[in-house]
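Trainee: Encoded as structure tokens, here's the structure I'll be asking about.
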Amino acid sequence: MEEKVSLKVRVQKLGTSLSNMVMPNIGAFIAWGVLTALFIADGYLPNEQLATVVGPMLTYLLPILIGYTGGYMIHGQRGAVVGSIATVGAITGSSVPMFIGAMVMGPLGGWTIKKFDEKFQEKIRPGFEMLVNNFSAGLVGFALLLLAFYAIGPVVSTLTGAVGNGVEAIVNARLLPMANIIIEPAKVLFLNNALNHGIFTPLGVEQVAQAGKSILFLLEANPGPGLGILLAYAVFGKGSAKSSSWGAMVIHFFGGIHEIYFPYVMMKPTLFLAAMAGGISGTFTFQLLDAGLKSPASPGSIIAIMATAPKGVWPHLNILLGVLVAAVVSFLIAALILHADKSTEDSLEAAQAATQAAKAQSKGQLVSTSVDAVVSTDSVEKIIFACDAGMGSSAMGASILRDKVKKAGLELPVSNQAISNLLDTPKTLIVTQEELTPRAKDKSPSAIHVSVDNFLASPRYDEIVASLTGASPIAEIEGDIPTSAPVDSQEIDLNHIDAVVVAYGKAQGTATMGCETIRAIFRNKNIRIPVSTAKISELGEFNSKNIMIVTTISLQAEVQQAAPNSQFLIVDSLVTTPEYDKMAARMYK
């Protein structure tokens, strides 16, 4: 079983290393796409002088950035410099944009100078360090430049041409939609960025240089399949999965954070069929209508997709139609699956944990049930949220915990980054999703590691804050995590509630989502009680026993002090808690 785990981790590392050379530089790709869309001959604002910048950016800037980043990943600044020099050799030794060559020469340059330093660094006599370091980087880079110019560049150019011809043949044979049979499951299994930015982006940029647009940018970024699945949960789902799907739809479709719908698919693995069918139908529509984008859409938001579409009304409508078809097809299939489902489990959070545990165990992984050390302000100096790409859901998770840490009066930095960029530093608390914890531990064994089911709604955040403030230690077993506060919702006289208020501190986002979740549940149960949000400083207006205030464990004391006469429902998450369904079942208004 250990061999299977290590193989899986190695595959993830390979895919991640490719995407991590591209993702930090997506801004440059977007800048090039905007420049192309505006100033080339058929752009929105044709300009011959500015159009001359398009070619050099494509040929030199973008590959050198990739090579620089690849070298930096291996050996810091010295690796980045040598990787850039080597990449120039590949660029000038070829007649095609050298993205794949940059992905080879960048890490190779970093690895070569790293091995040189390991062998000779300790042998340098005092006073000669700068001389040796500068000349070694220059000479190693020079040697790799010659190698890339005469060998790597031509070989990669031939391979790139072959791959491009293969993609063109697949497109001409109308077989491109079949790629979604692999793409959609891979997205849910943390390979979405590897596919999109490690494979499709380099190939797509070359297509844009030739044809002005590329359908490859739409294969993984299409939000249609996820939108259809979330909509099916909103109509045919049960419990907290149903009520939380509305907020998830907004984040997925407009925010472009596709990771938010992954747990909904993991809850019922048969929904992979809905995702694949939606992806296939969407790509088929894109291909039928000759749709494409001028640059990568990152994140996969409908706003970013529309912004990078070619000039004209029809190109935008063609893309929207492809997204719509994908959403409708995935919705219909997911609706059939959910409607036929007879299970009684209706807690998204519980199903998430069960699915993640079963998934990890089936792959030979041990589910992380405890932290590696005591969490306190003495043992933790910073908190890092780590994920495959270091963006998206980990950034949102970091934002949520950062807000909780500030409210607790702690001065701890909370940031997010890619697992591949983690350093082995002590006194660091690293939060990862269970699927990625083995890789994080491998990169940073000295850190304290905490696994969560879902970055966007985890009860472990309140546990971490409580442990850091000395209120209580982190629960050793995940199953022991409390799902509500000391105030028991069973004791609340629910039949004498005239209004429900969701309280928030500085950030209103999760409170708004929680408010919409409760409203959706009340509508389904025909409960006519108004639900609103309020800042803690405004709770004095709701200080009455016929008002129920909903808040989280971390804000409980502050909220009860602001409105001591109100009734309270304390939950672990304002969005995914099962307490809302239990509350509605006991209300008869």
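Glycine residues also receive a Cβ, built from the backbone N, Cα and C atoms like all the rest.
From Swiss-Prot, here are the annotated features:
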type: ACT_SITE; residues: Cys387; note: active site, phosphocysteine intermediate
type: DOMAIN; residues: 14-347; note: domain 'PTS EIIC type-2'
type: MOD_RES; residues: Cys387; note: phosphocysteine
type: TOPO_DOM; residues: 48-51; note: topological domain 'Extracellular'
type: TOPO_DOM; residues: 158-166; note: topological domain 'Extracellular'
type: TOPO_DOM; residues: 295-316; note: topological domain 'Extracellular'
type: TRANSMEM; residues: 26-47; note: transmembrane segment
type: TRANSMEM; residues: 52-72; note: transmembrane segment
type: TRANSMEM; residues: 136-157; note: transmembrane segment
type: TRANSMEM; residues: 167-187; note: transmembrane segment
type: TRANSMEM; residues: 275-294; note: transmembrane segment
type: TRANSMEM; residues: 317-338; note: transmembrane segment
Trainee: Could you give the residue numbers and ranges of same-chain residues that sit at least 6 residues beyond the topological domain 'Extracellular' (295-316) on either side and whose C-beta is under 8 angstroms from one of its C-beta atoms?
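Mentor: Same-chain residues near the topological domain 'Extracellular' (295-316) but 6 or more away: 23, 26, 29-30, 32-34, 36-37, 42-44, 196-197, 200-201, 204-205, 208, 212-213, 217-218, 220-223, 253-258, 323, 391-392.
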Trainee: In the topological domain 'Extracellular' (295-316), how many residues does DSSP call helix, how many strand, and how many coil?
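Mentor: Helix, strand and coil residues of the topological domain 'Extracellular' (295-316) number 10 helix, 0 strand, 12 coil.
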Trainee: Can you tell me the three-state DSSP label for Cys387 (active site, phosphocysteine intermediate)?
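Mentor: Assignment for Cys387 (active site, phosphocysteine intermediate) reads strand.
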Trainee: Sequence-remote contacts (6 or more beyond its ends) of the topological domain 'Extracellular' (48-51), Cβ cut-off under 8 Å?
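Mentor: Distal contacts: 35, 38-41.
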Trainee: Residues sitting near the topological domain 'Extracellular' (158-166): Cβ under 8 Å, six or more positions beyond its termini, same chain?
Mentor: 94, 96, 98-101, 203, 206-207
Trainee: For Cys387 (active site, phosphocysteine intermediate), what is the tally of other C-beta atoms lying within 10 angstroms of its C-beta?
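Mentor: Taking all protein chains shown, Cys387 (active site, phosphocysteine intermediate) has 27 Cβ neighbours within 10 Å.
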Trainee: Taking only the residues in the topological domain 'Extracellular' (158-166), give me the average pLDDT of this model.
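Mentor: Averaged over the topological domain 'Extracellular' (158-166), the predicted model reaches a pLDDT of 76.
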Trainee: Sort the residues of the topological domain 'Extracellular' (48-51) into helix, strand and coil with DSSP and give the three counts.
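Mentor: Taking the topological domain 'Extracellular' (48-51) as a whole: 4 helix, 0 strand, 0 coil.
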